[in-house]
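Notes for the one structure printed next.
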Amino acid sequence: MKFYLVGGAVRDMLLGITPKDKDWVVVGATEDEMLANGFIKIAANFPVFIHPQTKQEYALARSEKKTRNGYHGFEVNFSKYITL
């Protein structure tokens, strides 16, 4: 299980600004492993978790494939074998 800082926190740090919040992507983990490590799932249909102490957001790495027209026409894969 590896954790990578992503999103606005990375941008802010590159600009020399202290990030207000930090979001993380998790590689090499399953939903069950996250729960077993004390993370709290916050999304019903998406593996996004909150760290119990820091309250920072952690999302499992994913791949997406366009399958249909429109905003919802995607197939999403959350395998622990997805890399960045």
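Any Cβ shown, glycine's included, is placed from N, Cα and C.
What Swiss-Prot records for G8, R11 is ATP binding site, and it gives similarity to another entry as the kind of evidence. Over all protein chains present, the Cβ of R11 (ATP binding site) has 11 other Cβ atoms lying within 10 Å.
Around G8 (ATP binding site), a 10 Å sphere centred on its CB holds 13 further CB atoms from the protein chains shown. Per Swiss-Prot, the feature CTP binding site maps to G8, R11.
The annotation Mg(2+) binding site is assigned in Swiss-Prot to D21, D23. Using a 10 Å radius centred on the Cβ of D21 (Mg(2+) binding site) and all shown protein chains, the other Cβ atoms total 12.
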